[in-house]
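Some features that TrEMBL has for this protein:
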TRANSMEM  44-68  transmembrane segment
TRANSMEM  80-99  transmembrane segment
TRANSMEM  119-140  transmembrane segment
TRANSMEM  146-164  transmembrane segment
TRANSMEM  176-194  transmembrane segment
TRANSMEM  200-219  transmembrane segment
TRANSMEM  231-249  transmembrane segment
TRANSMEM  255-275  transmembrane segment
Amino acid sequence: MYTEAWEAEWERVLWQKKPYPDNYVPRSFLASLSKNPNFRPYTYWHLVILSCPISQHLASIFVFLAVFMRLQQRLLDPRVLVWISVGVFMAGYLAWELLECSRADSQTRYTNRAKTLKASILVFLALMSLSPVLKTLTAATSSDSIWALSACLFILNALLADYTPMNPRSHQRERLTSVLSMNAAISSSVVLASRLSDDLSVFGLILFSVQSFALFPILRRRIQDTAKVLQVALTVLISTLSLALTYPLSNTAAYIYFACFTFVTFIAPAVLVWAQRYKNEIRGTWDPAVPKVNRRFSFSR
């Protein structure tokens, strides 16, 4: 009875004199113990869907490398590549308009179309005028250094890319990592284009790289906010295209891409689902207090 009276008046303070030692532990110390309070178990197929943007990005890198090899070996006419790039741009912009038609008014869409047309013409003319300069940019650099630099930049591009979905209702700025990722990919494309033989090939490859690493990630993030079927279909399409373009050039490169695709899309989610059973996070009254912020109030400001 005397011990219960002690515990009834026990408080976790040291400045007040108490009839029990400083290292006293009451019986109710572990009453508020909780394990994994915010734990949400993952499901395998949900993680597979979430890994689709990474698979799409890796596929776009291998598609670009396959196009570069065909231009370097003169297996692809650069004029065909330019027309393909224009057609892909029109198809992507049409898809963007279909996704935005139900979310923006007519005046906003008209303004965005004018800005897009103006930016497209400026980029087209700038790349056309800079192609002779870019062709001789790395003339004094050995090819081995170019291949190593390009590989490092593409790895940096894949690591820093933004794979989160784009919320069309929020007007958030691009993350610094996504900007660095795009700059790394464009820089790698420029040093690879400098190894081509004519100005038209350089122009076609840089134009294709702008679409692959600057415009396609925006459309990819926008598609992530739509139906999952469309996202899966885009992943299958780009992955199949990557294998079809890579395999005739190099069996080793095709096997490397297939291994990366299999690991990212199927093996890594399975490993995460298996590892979450060992998650053991303990929370109690001894932890620092976590403030509860009114999210609706904070977004409305």
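Here the Cβ of each residue, glycine as well, is placed from N, Cα and C on the backbone.
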If you count Cβ pairs under 8 Å, which stretch among 44-68, 146-164, 200-219, 231-249, 255-275 touches the transmembrane segment (176-194) the most? 146-164
Any chance the transmembrane segment (255-275) and the transmembrane segment (80-99) are in contact, meaning at least three CB pairs closer than 8 A with a sequence separation of 6+? no
Under 8 Å Cβ-Cβ from the transmembrane segment (200-219), and at least six residues away from its ends along the same chain, one finds 57, 60-61, 63-64, 67-68, 71, 78-79, 81-82, 84-85, 88-89, 92, 95-96, 123-124, 127-128, 130-132, 134-135, 157, 161-162, 166, 178, 181-182, 185-186, 189-190, 192-194
